[in-house]
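Take a look at the structure below.
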Amino acid sequence: MVFYFKARPESGDYTIFMGLDKYENEELIKYGFPEDIWFHVDKMSSAHVYLRLNKGQTFDDIPEGVLEDCAQLVKANSIQGNKVNNVDVVYTPWQNLKKTASMDVGQVSFHNPKMVRTVRVEKRINEIVNRLNRTKVERTPDLKAEREAVNAAERAERKQQLREKKRREEMDRLEKERQAEMRSYKNLMVADKMTSNKDVASANKSLQELEEDFM
C-alpha cells in the first residue's frame, strides 16, 4: 500500500507519497524515479516520504511551500519526531540512496553525503498536516511495472533522438556535397578556362584557310 498526497496547489502540481511500512519502503527505494526526492527525519525513525518533481527539475527547484509540506508530513509520521520540537528532516535525490545487502529492510545510506540537505522543522503545523491528509489516496501500485514502463519510454525516446541525429547528419552531408558540386561548377565557368565558338571554329579550319588568314 502506498499513500499519495497532493502538495499545496498554489505551488504547482506536485505529488507526495510514502509507503505503508518498511517493506513498501523497500520497494520504493528499489523502483524509484530519477525525479523523486527522498525525505526522512534525521537520526529518528520515520516514514520514508517522497516528492516527485517534474521532469528536468532538481532538488534545487523545490518550491519553498512544497518543501514545508514534505517536512511536516515526515515529522507527523515519526513516532518520536512528532512528539518534539526542532526536528531536522534530511532530503536527497532518489539516485543518491545507497542500499547494500547487509542493511535491514527499509534501511538506506547515501552515495554522496554532500548531496544530502537538512531542513529544520520547529513544530508540527496541524493546518498543513490536516490539509495534506484530506488529499490522501491509498493505492497498491505495481512499482516494478511502473519503473519498467518509464524505462521503455526513455529507451524509445533515446532511439528517436538517435534517428533524428542521424537524419540531420545525412542532410548536412548531402548539403556539403551539393555546395562542393556548386563550387566545382563555378570553377569550370571561369572565363580564362572557357573556349568560345570562334576558337572552336578556328581549330577546325583547314591548312589552306589558315594560310589565307595570313595573306
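Each Cβ is built from the backbone N, Cα and C atoms, and glycine gets one as well.
Of the given residue ranges 95-142, 143-190, TrEMBL assigns the label region 'Disordered' to 143-190. In the predicted model, residues of the domain 'NFACT RNA-binding' (1-112) average a pLDDT of 93.
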